[in-house]
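Asks: Got these off TrEMBL a minute ago, pasting:
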- A:398-448: region 'Disordered' (REGION)
- A:18-42: transmembrane segment (TRANSMEM)
- A:88-110: transmembrane segment (TRANSMEM)
- A:130-153: transmembrane segment (TRANSMEM)
- A:174-197: transmembrane segment (TRANSMEM)
- A:217-235: transmembrane segment (TRANSMEM)
- A:264-286: transmembrane segment (TRANSMEM)
- A:306-326: transmembrane segment (TRANSMEM)
- A:338-360: transmembrane segment (TRANSMEM)
- A:372-389: transmembrane segment (TRANSMEM)
Amino acid sequence: MNPLAQTPSLTDFGHDPWWLVLGKIVFAFVVALLGTLLGVWFERRVVGRMAVRPGPNQLGPFGLLQTLADGLKMAFKEDILPKAADKVIYFIAPAISMICAVTMLSVIPFGPMVSIFGHQTPLQVTDVPVAVLVVLALSSMAVYGIVLAGWASGSTYPLLGGLRSAAQLISYEVSLGLSIVAVFMLAGSMSTSEIVAAQGSGTQVSLFGLDIPTPGWYALLLFPSFIVFFISIVGETNRPPFDLPEAESELVAGFMTEYSSLKFALIMLSEYVAMVAMSAFTVTLFLGGWHAPWPITLWSGANSGWWPLIWFFAKVILLVFVFVWLRGTLPRLRYDQLMRLGWKVLIPISLVWVVVLAGLRTIDDWDTQSRLYAIGIPAGIVLLAALFWPSRKPEPKPTLVEQVENRPPGSFPLPPMDLQVPPSPGTRRMVAEREPANAPAGQDSEEV
Amino acid sequence: MTASTLLAASGAVSGGEAVAFWILAPVALAGAIGMVAARNAMHSALWLVLTMLSLGVFYVLQAGPFIGMVQIIVYTGAIMMLFLFVLMLVGRESSDSLIEVLRGQRIAALGLGLGFAGLLGSAVYRATQGSAPVGLEQANAGGNVEGIARLLFTDYIFAFELTAALLITATIGGMVLAHIERRKEDKRDQVATMKARFRPGNYPGPKPGPGVFATSSSVATPARLPDGRLSDRSTPDILPLRELTAEETTLKGTEK
């Protein structure tokens, strides 16, 4: 079986009968809902295991039905509308979050071309030449859900949470977009299916005259971008350690403080769907999409038919595990630390990396010698600069005696430096009282 | 996308495009009207978001998917967000009053607006009537995004770079004007604060509360030191030291 025939291209989209389109949409929706149901259970179990406790284990096998029970309970709770709330926006805000999160899944390629009832169709709801931008647009629209929820609640903590999240999401969107630029440069496309296809085969990278076959995954080829991207999506989905909008120690529950019942359920659902969707997005952009990892590719049928669904979801679950792992490990950042990380670390790294990558792409078709010059000269300059960069020597710290001697006259009096503090009489008495209680016992045991 | 490009190039309007247009055009228009008519500034901004989203979809329908998505990301995503920031700082209770300052202003504005819309609409209608759009197929030949990229980085490279420089200058200017960062040596850390507290001439203990052993509980009444002197450290600097006179402290005979 030729694996290349299984790879969908943009022309394969838009020919499905209506029932197939409907089926795919329902599939993506079910993935979102099941992802939430299992995601919450998975998170609670894993965090429980990390905290050396069992986690939910009563309802159903391994406690799998706990989330379902919680969801049902939430639906039957009283729906409270604050008096100061802006009614319409208060209702719309959770829906905006939810719609944006679910729609992201519509451009994620779950698998290659498969045959469904005789129709050859890609396992993806739809694809457009700007599919990655669709996801970016949706994630920037999702901010509205949070900000409006905070604003419409009509009380202080939600408003502060909403403001925080707006600032945070805008900041992290910049580094998110910059790290994706590197993927565009290598894949030469903004369509998700073509980015996955571009990662299918390892490219030949010639460095210093050697043709080195590299794995096609952009997580390896574009490692700095991958790291920046992953940190950014953790910030973008408001997950710990960047969950400042809902920092419970300072803002009660942030923008969702006033929400209850089904509207609260919607907000929570949209958060988990966003986490699953962003994981799927990362898998698509950096981890080779539905392509099987290396040892499995030895089997020729690994990348055809329905099998890639397994590899895809395995990678997604792995990333969700990393999300949970971060939550179980890292404490929440302070707000200024968060902003400094976003603006002073992530964005400069992405910018420099994009420039370096553009340079590497430019010299790709030069001959070996000029390529050596092009890489060697800037690298040498950077090395020399690093070597001869004047390091700031810290002034030697004055010793304690010098500090004491340098104090101006009339300073607050200090006790003498060689002060011997006599043991307090109370301690001596206690020791004296305890001594005889042990002494005879020790003697006895020695004699026996 | 290729199918939609071909359709748009031939000047024909597909069924789906017509349906989308007739649904979204009233929505976009309602958003524009709502933006002007809404009393609450926040609602006004949200109506504008609606209009911009509809415009983004229109661009996508017109075989310009890149510009459509950029419209949504940049305008609704970033600029509107900053706009919302300003609104939030203004406050959520602020609504426009409905009092007409100039008499007949609203009617006049409505009439002028309608007239301008009619003028513009008829001009566009007359200008485009009977002419078929050409050149879209060539422009989108190598893909929409690629076509825009080629133009931006060949014919319009200087305009593009100049715009980028202008925007960067504006951003840095804004930062320079708004940002205050104290230098590291000017920052007073905990050790420096403690040293200042224990420096000679400064009493490190807490200040005496006003009104201690005093004849009145007013903050303007200074504390009395153990030797009977008045302590001016106990009162705020802006208040003059003031001891009530004997006449003031005697009962005024109003207690009955």
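Cβ from N, Cα, C; glycine included.
Curation does not apply to TrEMBL; its annotations are automatic.
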Asks: Does the transmembrane segment (A:264-286) come near the transmembrane segment (A:88-110), with 3+ Cβ pairs under 8 Å (pairs 6 or more apart)?
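Replies: Contact between the transmembrane segment (A:88-110) and the transmembrane segment (A:264-286): present, because at least 3 Cβ pairs are under 8 Å.
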Asks: Which listed range (A:88-110, A:306-326, A:338-360, A:372-389) shows the maximal number of Cβ pairs under 8 Å with respect to the transmembrane segment (A:174-197)?
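Replies: If we count Cβ pairs closer than 8 Å to the transmembrane segment (A:174-197), A:338-360 scores highest.
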Asks: What stretch in A:217-235, A:306-326, A:338-360, A:372-389 has the biggest tally of Cβ pairs under 8 Å against the transmembrane segment (A:18-42)?
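Replies: Highest pair count goes to A:306-326.
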Asks: State the residues, same chain only, that lie 6 or more residues beyond the ends of the transmembrane segment (A:217-235) and have a CB under 8 A from a CB inside it; answer 'none' if no residue qualifies.
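Replies: Same-chain residues near the transmembrane segment (A:217-235) but 6 or more away: 168-169, 171-173, 175-176, 178-180, 182-183, 186-187, 199, 203, 205, 241-242, 278, 281-282, 285-288, 291, 322-323, 326, 338, 341-342, 346, 349-350, 353, 357.
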